[in-house]
């Protein structure tokens, strides 16, 4: 079984590309059913956020990568975007190292941001719910979560965390002098939407309107605030008219706010959705300011220097954690092989022993039977090693011969 991952992220792909290849907003159960239906795909975990879409897989044949790319390409709306031009393939320990760094926030656009760990955990939970995760992949994710917890407790990588949501609010503040007199509309009440809401409330705007598909979730977030209200997405036309700042963090398949939905009133639009929820053409209107996820980079750069030292400490913890994981996996593999070896030996011995005992009970010469039993066991036990040594010799694999000699305590110098 091999461990691989296929990824499209912000480092190689701009927002319009990431939007095309995003798997968020699709039926999760359908995604898992379809990917597990591919021959040689054994287990899978699908992660899709605003900055990346990654698929972690246990496979039985590396040639299946082409089939997985075809599967992924099938969800792309614009055929001009070819996944082979953008994806990154990782294998083996590289997958585990990347996932550890990702969960610790070291691969994020905002170095050290904590939200990604929750997103990785959510993806893991959905995979389990859809019976898509196996023992090996489960052990990988459990070690990843333990590593992230240790990094958070032993470093200050998350100290005064600066998230994409926080950076978005920073951009809004730069564009509006007196935010206390402004009305803010947040579209989406998911994890990022809730984080946006918290940051916005700290700025004490005149009014915060939170719109979501299910109003109960929005009501739960806004209920403790006098200047906040919860709304259905269907109320967007009325809410847009009131809003000075519109921030979107929602999973949609098409734009939910376009130029025809807004008038001449100056507004700040910030879209951190993938795929994009606010039409980028809104920024072409003279009175508007428009930001997408990629525009947040400049704000994030200001924060990176502060976290580089803590990042190096986190890297050391991750390397140590990976070493621990690999050692444990070696033990699991060897213990499994040893158990299988003993079971094989038991099977060989039990059958011959029963036959020999039956002959002795029938009055046959016990000494002769025991000698014959020992000879048969010797032949059976050594059969596969002898075949293996002959095959290794034919192929010129002296390394295999040396290894097998060591296994049986033979002289490796001869």
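Placement of Cβ uses the backbone N, Cα and C atoms for every residue, glycine included.
Feature list (source: Swiss-Prot):
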- 49, 50, 51, 52, 108, 113, 114, 115, 119: substrate binding site (BINDING)
- 50: active site, nucleophile (ACT_SITE)
- 98: site 'Important for activity' (SITE)
- 188, 189, 190, 191, 192, 193: NADP(+) binding site (BINDING)
Sparsest Cβ surroundings (other CB atoms within 10 Å) among the binding-site residues 49, 51, 191, 192: 191
Cβ-centroid neighbours of NADP(+) site 188, 189, 190, 191, 192, 193, 8 Å, sequence order: 194, 195, 196, 212, 249, 250
Residue 108 (substrate binding site) and residue 188 (NADP(+) binding site), distance between Cα atoms, whole Å: 21
Which same-chain residues, if any, lie at least 6 apart from residue 98 (site 'Important for activity') yet have Cβ under 8 Å of it: 5, 90, 107
Spatial separation of residue 108 (substrate binding site) from residue 191 (NADP(+) binding site) - C-alpha basis, Å: 16
Intrachain C-beta neighbours of residue 193 (NADP(+) binding site), sequence separation six or more, cut-off 8 angstroms: 186, 187, 210, 212, 221, 249, 250
Binding-site residues compared (114, 188) - highest count of Cβ atoms within 10 Å: 188
List of residues, in chain order, with Cβ under 8 A from that of residue 108 (substrate binding site) and at least 6 apart: 51, 102, 116
Spatially closest candidate among 50, 189, 190, 192, the listed recorded positions, to residue 114 (substrate binding site) (Cα to Cα): 192
